[in-house]
Amino acid sequence: MSSTLLDRISAALATVNDPEIKRPITELGMVDTVTVDDAGVVHAKVLLTVAGCPLKDTINRDVTAALDKVEGVTGVDLELGVMTAEQRGAMRDSLSGGAAQREIPFAKPGSLTKVFAIASGKGGVGKSTVTVNLAVAMAAEGLKVGLVDADVYGHSVPAMLGVADSRPTQVDDLIMPVPTASGVSVISIGMLKPRRDQVVAWRGPMLDRALVQMLADVYWGDLDVLLLDLPPGTGDIAISLGQHLPNAEILVVTTPQEAAAEVAERAGTMAEMMHQRVVGVVENMSYLVCPHCGPEHKIEVFGSGGGARVADTLSKRFGTQVPLLGQIPLEPSLREGGDAGKPVVESDPTAAAAAELIGVAQRLSGRSRGLAGMQLGLTPTSKF
Ligand SMILES: Nc1ncnc2c1ncn2[C@@H]1O[C@H](COP(=O)(O)OP(=O)(O)OP(=O)(O)O)[C@@H](O)[C@H]1O
């Protein structure tokens with residue numbers, strides 16, 4: 001057996017990432033033993049972080065595929081074992097870099113992760129739909145994206161990303177975010193409940209603990225962007241967020257309706273009280289393209305002007321330009337994508353709603369260029 005063959009095998013194993021931790025299995029101490037017999041068959045033992053790891057099939061497949069490609073390898077005999085408590089502890093320490101526990105990495109000075117919290121005045125305006133699609137659009141741009149579903153009342157994000165039944169893997173006290181098919185890592189307040197059907201009836205301190213747990217006890221790795229789906233309104237979670245992540249920038253979602261715009265402004269006021277910046281406004285359900293006449297005829301189901309009004313009011317209040325970043329039409333594909341766990345920005349990126357959401361995602365991720373000279377006004381549409 002030549003040492004170069006073993007070198008090639010090691011190099012191949014180093015290309016396999018743990019699907020949850022998103023780091024090479026070789027770095028995580030997951031490769032236990034590797035030998036090659038005279039016939040060129042690799043006998044490898046890879047250790048899972050926990051017994052019953054939900055992603056063991058993915059690890060099995062990825063390791064086998066990587067080894068199969070190595071020149072000189074004629075077969076793969078892969079055994080999956082489980083780390084001992086000691087091995088897990090060593091991995092946990094290396095992941096946290098020896099840092100004290102319960103430290104929120106995104107709040108540390110010098111953190112390179114952009115944090116956007118998506119807020120709305122009232123429920124049902126499409127805040128979760130917008131959040132999920134922005135996350136997936138940013139991941140499609142090649143960014144490392146994490147998503148915290150902090151919507152206590154409606155934690156619908158996992159279902160919208162197709163991971164409704166997934167529970168996070170826990171390595172001792174470290175929680176792994178759930179990876180999704182779209183490349184977004186997600187953790188939801190719903191995943192912290194002992195049972196899925198349990199109602200979250202938590203008050204301030206419990207909610208605060210849950211938020212800190214999702215930020216500090218979850219191994220997020222190096223993220224480019226962290227999105228938080230907040231509960232509607234200006235409640236306990238918004239206050240906790242302001243205390244723990246004052247550097248989070250707030251994106252306000254509203255519908256065009258006058259009443260909705262009025263309450264959405266309060267979400268912006270809350271941000272001001274917590275000394276957070278409002279990065280922009282997204283108007284959802286702006287119009288419906290008439291199914292008979294086509295794109296020229298836009299039906300304003302919920303009226304018009306709400307997004308521009310919120311942007312304008314917040315601009316005046318903050319003394320800086322708070323732009324209207326996008327106007328998302330009402331489209332069945334957006335709802336269907338959410339119901340099916342396949343966000344529309346991925347399944348049908350050319351649909352008008354998807355294109356608008358992709359535009360918002362691009363402006364948020366590369367804002368310096370995107371926001372300059374943005375219009376605050378509405379595009380003219382005809383009345384119903
Ligand atoms: N532009 C749109 N076109 C069609 N359907 C939409 C659109 N935006 C949202 N929806 C649908 O409206 C419903 C409410 O959306 P969503 O759950 O995202 O709202 P929300 O503001 O997060 O609500 P809550 O905060 O109360 O949970 C969902 O069924 C969603 O699929």
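Any Cβ shown, glycine's included, is placed from N, Cα and C.
Going by TrEMBL, these are the annotated features:
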| type | residues | note |
| --- | --- | --- |
| DOMAIN | 7-77 | domain 'MIP18 family-like' |
| BINDING | Gly121, Lys122, Gly123, Gly124, Val125, Gly126, Lys127, Ser128 | ATP binding site |
Of Lys122, Lys127, which of the binding-site residues has the most Cβ neighbours inside 10 Å? Lys127
For the domain 'MIP18 family-like' (7-77), residues assigned helix / strand / coil by DSSP: 20 helix, 19 strand, 32 coil
Which chain-mates of Val125 (ATP binding site) that are at least 6 residues away have a CB under 8 A from its CB, listed by sequence? Pro232, Val253, Thr254, Thr255, Ala260, Ala264, Asn284, Met285
Gly126 (ATP binding site), Cβ-centred 10 Å count of other Cβ atoms over all protein chains shown, is 23
What residue among the binding-site residues Gly121, Gly123 has the most other CB atoms lying within 10 A of its CB? Gly121
Residues flanking the ATP site, with Cβ no more than 8 Å from the Cβ centroid of Gly121, Lys122, Gly123, Gly124, Val125, Gly126, Lys127, Ser128 and excluding those residues themselves: Ser120, Pro232, Val253, Thr255
For a Cβ distance below 6 Å to any atom of ligand 1, name the binding-site residues from Gly121, Lys122, Lys127, Ser128 that qualify, or say none. Lys127, Ser128
